[in-house]
Amino acid sequence: MEWENHTILVEFFLKGLSGHPRLELLFFVLIFIMYVVILLGNGTLILISILDPHLHTPMYFFLGNLSFLDICYTTTSIPSTLVSFLSERKTISLSGCAVQMFLGLAMGTTECVLLGMMAFDRYVAICNPLRYPIIMSKDAYVPMAAGSWIIGAVNSAVQSVFVVQLPFCRNNIINHFTCEILAVMKLACADISDNEFIMLVATTLFILTPLLLIIVSYTLIIVSIFKISSSEGRSKASSTCSAHLTVVIIFYGTILFMYMKPKSKETLNSDDLDATDKIISMFYGVMTPMMNPLIYSLRNKDVKEAVKHLLNRRFFSK
């Protein structure tokens, strides 16, 4: 009987929007368009940060990493989600679910840390402009970006390994679009208090600590901006931070609402799962990567000029 109750699962069923075929078709079209915008927008930012010598600075190096990160993050989930919208059998193998869970968590953690690094870069640029070339030299900002990726990979590997080792019962229905780690963890028929503790520690270290760094950095930046006597100087200083601050508010506002809101095991796996959670999850997974290049391009003259230069060069080369 114990063996029957602890069946070895080989696949999971992603419920998503099952039972709403019209909504699935609508979401397929919308998400496909958004994914194309994500690839084009973030791909353009990566190209200009590499090809334009004027953008070979720490700020745009971090921005290029952020754009590449957004492409990787969405590619781990959107294609499979689109396929599931058109497929009657919405299943994913255990190994495929583990890979998707690892990549999604790794990219999310990396983005949190990277946004903290970018805030520190803006702090040094505005509050210590004379020492900026020394503090944010290539020997500093390249390891900072690499460290963000390493932290994301290590954190995700540790959490994913602990989750896949859990015993799963017959219930293999994930009431989500993707293999989100918390939704998968709640399917286990074992005590998950250790996993929850590890997740709490990871959340504190890799989500809240970068957020604290961002808050401290921007508090000092605001104080420095108010000390600038000329209105032109204040405007120039604030414009260099407005795009990053907007991205931070959208990213952290969404992620904190998703993961800080208490959820019970019954709520995560019930048929009447709060639709707001799914909408916010979709917003976090698609809208944020799509908006990042738009925000940076609309609020940054250097990016606009670099895009124009790239387009003109391609046009005249033909």
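In case you wondered, yes, glycine gets a Cβ from its N, Cα and C as well.
Here is what Swiss-Prot says about this protein:
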- 1-25: topological domain 'Extracellular' (TOPO_DOM)
- N5: N-linked glycosylation site (CARBOHYD)
- 26-46: transmembrane segment (TRANSMEM)
- 47-54: topological domain 'Cytoplasmic' (TOPO_DOM)
- 55-75: transmembrane segment (TRANSMEM)
- 76-99: topological domain 'Extracellular' (TOPO_DOM)
- C97-C189: disulfide bond (DISULFID)
- 100-120: transmembrane segment (TRANSMEM)
- 121-139: topological domain 'Cytoplasmic' (TOPO_DOM)
- 140-160: transmembrane segment (TRANSMEM)
- 161-197: topological domain 'Extracellular' (TOPO_DOM)
- 198-217: transmembrane segment (TRANSMEM)
- 218-237: topological domain 'Cytoplasmic' (TOPO_DOM)
- 238-258: transmembrane segment (TRANSMEM)
- 259-277: topological domain 'Extracellular' (TOPO_DOM)
- 278-298: transmembrane segment (TRANSMEM)
- 299-318: topological domain 'Cytoplasmic' (TOPO_DOM)
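Beyond its flanks by at least six residues, the topological domain 'Cytoplasmic' (218-237) meets 119, 122-123, 126-127, 245 of its own chain at Cβ-Cβ distances under 8 Å. Count of Cβ pairs under 8 Å against the transmembrane segment (55-75): among 26-46, 140-160, 198-217, the largest is for 26-46. The Cβ neighbour count for C189 (disulfide bond), using a 10 Å radius over every protein chain in view, is 14. Sequence-distant contacts of the topological domain 'Extracellular' (76-99), counting only residues of its own chain at least 6 positions beyond either end whose CB sits under 8 Å from a CB of the stretch, comprise 9-18, 24-25, 27-28, 31-32, 35, 107, 160, 164, 174, 177-179, 184, 285-286. Looking at the topological domain 'Extracellular' (259-277) alone, the prediction's average pLDDT is 53.
Applying DSSP to the topological domain 'Extracellular' (76-99) sorts its residues as follows: 15 helix, 3 strand, 6 coil.
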